[in-house]
Amino acid sequence: MKDSRRSRLFLGLLLAVALVLITVDHRSENTPVFGPLRTIVTSAFGAVERGVSTVTEPIGGFVGALAGAQGSREQITNLKAQNSKLEGELSSQRIDKRRSAELQAMLGLSGLGGYKVVPAQVVARRASPGFEDAVEIDAGTADGIKPDMTVLNGQGLVGRVVRATASTATVVLLCDPASSTGARIENSGELGVVSGLGANGNSGRRIMFRLLDSTLPIAAGTRLVSFGSQQGVPYVAGVPIGVIEKVEATPGELTRTAYARPFADLSSIDVVGVVVEGPKRDPRDALLPPAPKPAAKPKPKPKPATSILPGQQAPPQIARPGTANPETGPGNTVPQNTRPENTAPENTAPENVSPEDTAPENVAPGNGPTTDRDDRGPAEPVRGRDGETSISDDEAA
């Protein structure tokens, strides 16, 4: 009992002292008596407070982190889920956009060719009994699909249907080694056979074409379309097949072998169309894509100008015949030929000269050159000024 009384008395005394100090501190903030004392007490207890806060702040932060860790984990999990959902939606939008573009291209090609098609989507790619490269589509006999129907996409020929169920169908691709179809060269009636290469064709990136006439020329860049089977089964006519990339020399053989790149990307097929009714008229080459433009020829590089150093004379310019002379001006031209060719020498003898004027002076008889009259022949008459003809004295004699 005594200890509890003493404790209560001591606590009451401390409270009374605290109240007194607070009152005095509040009322005598700037007094000369309590001002220095207050500064000393503040400095002493400030150092203690800083030391205590240095120790307690990390502990408080750690305790707060432990308290908020569970909430942070939940927030991170929610953010990851939202991110995955957004990525899935974006991927779905991209896939839908790509499929929509492929569907529009396929419908455009089939409409231009006059084919009636049933759209379908590839759901699996796997080997089928008897075939190496085949795909499964999500359309079957319930949609009007039967075996031996042509399958195409927005770029060209894909393959043909080999089996069909009520809701699915199996399509063997053009690149399968067991697949072959008649083909025609663009802008001509020359025929050949297109065959698949399987794994040797780089997973559908190359097919083989055999031209039936080995004497006909064929070059890289030649494009092929389907020739068409009888009654359009299994292949309709006019579907683009591919473009020749390489031609092999086959001397002595009845056919010429070439390798072509299919227009349709057979390695990644998604949206296709099954032709359930062929065209009334062969579209020929109307479905082929626009021919690539030839590469532009490089422009000739201009010749660099000749630099003339100080004190160096510029090289003379030689003008072509019939062109203006750069030294004398545009009015003067260089003559093309200044030497007469195949022309007779002009008569340079002076006119109206009498024989007396042409006789040599101071020549004694017998000293000058003598000439027989028979060798000399008759003398030519000399015309005078008045047009009369005169002869020499010797001729007169």
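Heads up, the Cβ atoms here are built off N, Cα and C, so glycines get one too.
Per TrEMBL, coiled coil is recorded for 69-96.
Per TrEMBL, compositional bias 'Polar residues' is recorded for 330-351.
Look at TrEMBL and you will find 371-388 tagged as compositional bias 'Basic and acidic residues'.
In the predicted structure, the domain 'Rod shape-determining protein MreC beta-barrel core' (123-275) carries a mean pLDDT of 90. Annotation source TrEMBL lists domain 'Rod shape-determining protein MreC beta-barrel core' at 123-275.
The annotation region 'Disordered' is assigned in TrEMBL to 280-397.
Sequence-distant contacts of the coiled coil (69-96), counting only residues of its own chain at least 6 positions beyond either end whose CB sits under 8 Å from a CB of the stretch, are absent.
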